[in-house]
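For reference, TrEMBL has these:
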type: COMPBIAS; residues: 1-17; note: compositional bias 'Basic and acidic residues'
type: COMPBIAS; residues: 352-365; note: compositional bias 'Basic and acidic residues'
type: COMPBIAS; residues: 366-375; note: compositional bias 'Low complexity'
type: COMPBIAS; residues: 584-594; note: compositional bias 'Basic and acidic residues'
type: DOMAIN; residues: 34-480; note: domain 'Putative ER transporter 6TM N-terminal'
type: DOMAIN; residues: 648-781; note: domain 'Integral membrane bound transporter'
type: DOMAIN; residues: 786-1012; note: domain 'DUF2421'
type: REGION; residues: 1-23; note: region 'Disordered'
type: REGION; residues: 352-381; note: region 'Disordered'
type: REGION; residues: 562-599; note: region 'Disordered'
type: TRANSMEM; residues: 50-67; note: transmembrane segment
type: TRANSMEM; residues: 96-119; note: transmembrane segment
type: TRANSMEM; residues: 168-185; note: transmembrane segment
type: TRANSMEM; residues: 191-211; note: transmembrane segment
type: TRANSMEM; residues: 223-242; note: transmembrane segment
type: TRANSMEM; residues: 509-533; note: transmembrane segment
type: TRANSMEM; residues: 620-639; note: transmembrane segment
type: TRANSMEM; residues: 645-666; note: transmembrane segment
type: TRANSMEM; residues: 673-693; note: transmembrane segment
type: TRANSMEM; residues: 705-722; note: transmembrane segment
type: TRANSMEM; residues: 727-747; note: transmembrane segment
type: TRANSMEM; residues: 767-786; note: transmembrane segment
Amino acid sequence: MHGEKAGEHASDDRPHDQPSSAATKKPLLDRLHLPDWVATNLRSSRSRRVWLRCWIASWAAYVILLPNASLKELGNAAFFAFLASFMAPANLPVQFFLFVLTTMILGMCLGWALGAAAMKAALASRNQLLLKQSLLREAQSAAGLANPDALFQADIFAGKFLDTASSIIFAVFLGFGCFLFALMRSYTPKLLLTSIFGTIALDIFCSYGALFPFPQYTLMNSLLESVACYIGIGVICILFIFPETLNHATLVSTSALIGRLKDIVELQHQILNASPDDLAEGTPLASKVQGLRVAVLAHIQQMMSSLSFIGAEFSWGKWNADDITGLKEPLVLLVNRAAALHTFAKLAGHRYSREPDQSLSREDSISSSAPSSAAEDAHGFTGDTPLLRQLRQKHHTAESAYSVRMHDVMHVIEESTADLRSACSDGLRATKTVLDSINTRRYASKGVKDSDQHLVDFDAALERLRTALEEFKTSRRLQLLHPFGSVLEDARTSEPLRLQPSAIPLRSLYVSFVFATNLVVLTDAIIGLMEYVQLTAHKRRKNRLWAPGGLRALGRAIMSRGDTSDQAAGEDHAPQPDEEVKEEEGPYRRDPDSRPPTNTLQRIANGLHSLYKWTKTPEALFCFRYVIISIALYIPAVVRTSANFIYVNKGLWSLIMAQTTLNIFVSDQIFNYFTRLLGTFIGAVLGLLSWYIGDAKSNGSPYGSAATVAVFLVPLVFLRLFSPPQYLSGVMLGGATYILVQGYSWIDGHLHIAGNPGLGWEVAWRRFVNVIIGCAASFVVMMLPPKSGRKAVRLRNASNISTLSFLYSDIMAVWISSASARHAHGSMTELLPNARKKFLRLATQLQAIKTQTAIAKWEGSIRGAWPSEEYMRLANVQTDMMSSLALLASALAQIDPAMRAGFLQRTMAVNPNFISDVMATFSLVSQALRTGEPLPQPFHQNLLDRLHYHGTVGRHTFAGNDDNAKDSVHKNHLDQIANYEFMFYATAICAVFQIVDGLNELHEITARLCGEIPLQGWTKWRAEYDQTHVMKM
């Protein structure tokens, strides 16, 4: 089921590719200065095909309202087919589309079932004698009228048959059902449509069902029939208009991801030809590197979420669901290693890599613009100490003398890695070509020779990559040592350098090794991916029909907590970092107030205590608010004096709007108020324009109405499909308002029902007012009591820092284990697969925090300005530290355990006292953010200073530290520099440097956020002490 032309070039589906440099005139899209997400999708042929398909489906869902026969059959909720086309567009493969619509129908059926049960119980609670008397009086008053049914129907919606006991029963069922749907919305956001439409169905049943004095279980018929019509339209459009399976869509996404990875590899040429100043934080090139890294991490997360559903479909092609799912592990590894490439740019652009005067001027400009705080002398403690300034000065002097500064060796790195980088790029290009060939030749009988040639070229590219990697390992990597020949020679013969190893200027060599090792492990990952593609492509040479596989993964995907994409509907369902922390701390955490329960009574009491603690969580408060606001807005619909007013003016919209705008945190809710009210206003304006242009002053012209809706749907459908997640809630509400204005106006003009809403303007103002009422009601409930999104941001940062500390401790535990004990502590090879999943999960959490930080600004500045820049910087530093930890784990996995154990006693980074300092700093920073308590000023120290202090003391106090032993260790160290595995050892040291540098900044930011408890005279005394205790190096 694939409408792609055989041989269509994959670049059509790569909208981010740059236009040809040969063009003498910029394309129209470039000259319009459109947002990237607009221009990207307008350029993409695949996006245009999906756009056209969804436009046709939505337009057809509206057209079925126009004939009187179908309108009468569908009833007063006929517009719901049109609305469903906007809520769940036909932009998915058919099985996935049916699954999404099934969740919608499941919710409606659950709401229907609860409503029917409520109606059954409510009717049983009525006083039958009073009910019969009321019905008799109504029959007598309608006697002799031409249309007694109309009078009876009007009296029903006027509330003449309301009963207090019956209304209370409906309220109880409404509260219970809303509580269940709120739990679903909080804990299983993948079922968001089930929750929303289940709530809508229950609202309809309880609000209108209470008005009826007799069983009316078919209230949902019109709604479900309309949705069924749209399901049919959507399935037909998906099957016959540019059809696509999830198998095909996933391969398209995989191809695009590989293209982005190729872009990252090719970007390294530009990085290696740049100066360290061009790589400093905030420069265009550094921002581009960071942007590509974020893009591939987001891409792999999105692709992994779709893999959960791929086994639930029929597909025609060469590869089955298991074959495509098998790409997951090599792709995750490849993405992780490609994302780690930016660590070289970070190190090369670090202030230590730049000239002292240039880095100082840049730091001065940054510090002058930094906000002041109570802890203003924090910079003095987290900045360079006299020891570090002394080290820096010596190194810069030595690097200048030997011409081994960072900008002196960049061209050497570029030349030595050129062949390997080119082979990596060619390998990724060949992989992309093979996947595109497999994906676009599912039905083509021709092109078999081309496919075979693609495989031949692929095999050749893989062999070239293996050859280039082997050549780099054996010879080309040694070119990195050429600029340091005189340095290493003098280090062997010069007495001052032999006695002071720390004075040897090897920092730029270590940074060079970082790039080399990153490239090597990236190449290994590319080879792993290519070998899997090679094996599968040669095994699957013919197209065939593949049946669905197991559905367990589908169930796990449904029940999983949300990710950042769930915020598209205005929800804050980012993974909870506390869950990760509890998982790590679980075996060791104790309740300081009680021991574990030992008998049945204690277990029951402990369970009740856990339930009580749950009632204080944001999710529980959200559920309680959801119930309160639902019942509060339900009451006017069942009061005799207001029931008719609520029905005629569609007060049900206020109830639905209050429920959908209610969020867990204040910031999310205020942000959604802005986007949804703006969307509602724009949707109402577009609805009025569409109605009055197409239908003029009549009750509606089918031809004019169909034509105008077709035009207005073009931009609306585009926005629905491609808007960024943060705008999507407003877009969806704007589209819903447009649909309600257009749909209700047509129904009012062509179908006589009780309480017709009117035409055009009458519908628009009612809709807008109801939205405002619903928003106002949810605002009132939100404030009882409010849950600050800002506090959630702070707590999530604290939890993520704890997660970073656990990752650090896991990696260090493997590093410090001796060669003989490595099996007892677990090897790095065993640690990596589990750590890789944790890194991806943490990356998702950090991206969610950045989104939440941006939204938290909407809480306003009533008590004072919120330092959003500090929190955003906090998240960015954690992201860099996570990459450094991944680099450390990857580097240690390549080092021989015996070599690693041999270097343990001489490696400053694993000094027990230094590890204690690092873990204590992690804990202190996390606790300060979690509790909001200030930090003690004396603890505010530079960890790099502690690293050199512990390392120097360790060298001076090492047992057997005689002159011969020193000389032997020194020579052994110099001999090992040319060793292949020493590159990874050097990379591990650089990774620790970056981790510590990031932890210093976390400490500094936390001090500015939470404050510091001063120790009188500490600053002056510490400065005096440092000046009089300069360490000999």
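From the backbone N, Cα and C atoms, a Cβ is placed for every residue, glycine too.
Bear in mind that TrEMBL entries carry predicted annotations, made automatically and left uncurated.
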Chain residues outside the transmembrane segment (223-242) and at least six past its termini with a C-beta under 8 angstroms from it:
1, 3, 49-50, 52-54, 56-57, 60-61, 64, 73-75, 77-82, 84-85, 88, 90, 92-94, 97-98, 101, 104-105, 108, 112, 201, 204
Spatial neighbours of the transmembrane segment (509-533) far in sequence, C-beta under 8 Å, 6+ residues away:
265, 268, 272, 326-327, 330-331, 333-334, 336-338, 340-341, 343-344, 347-348, 353, 404, 406, 409, 412-413, 416-417, 420-421, 423-424, 427-428, 430-431, 434-435, 458, 461-462, 465-466, 468-469, 472-473, 477, 480-481, 484, 887, 890-891, 894, 977, 982-984, 986-987, 989-991
Candidate ranges 673-693, 727-747, 767-786 - greatest C-beta contact count to the transmembrane segment (620-639) (under 8 angstroms):
767-786
Predicted model, mean pLDDT over the domain 'Putative ER transporter 6TM N-terminal' (34-480):
82
Treating G and I as helix alongside H, and B as strand alongside E, what does DSSP give for the domain 'Integral membrane bound transporter' (648-781) in helix, strand and coil?
109 helix, 0 strand, 25 coil
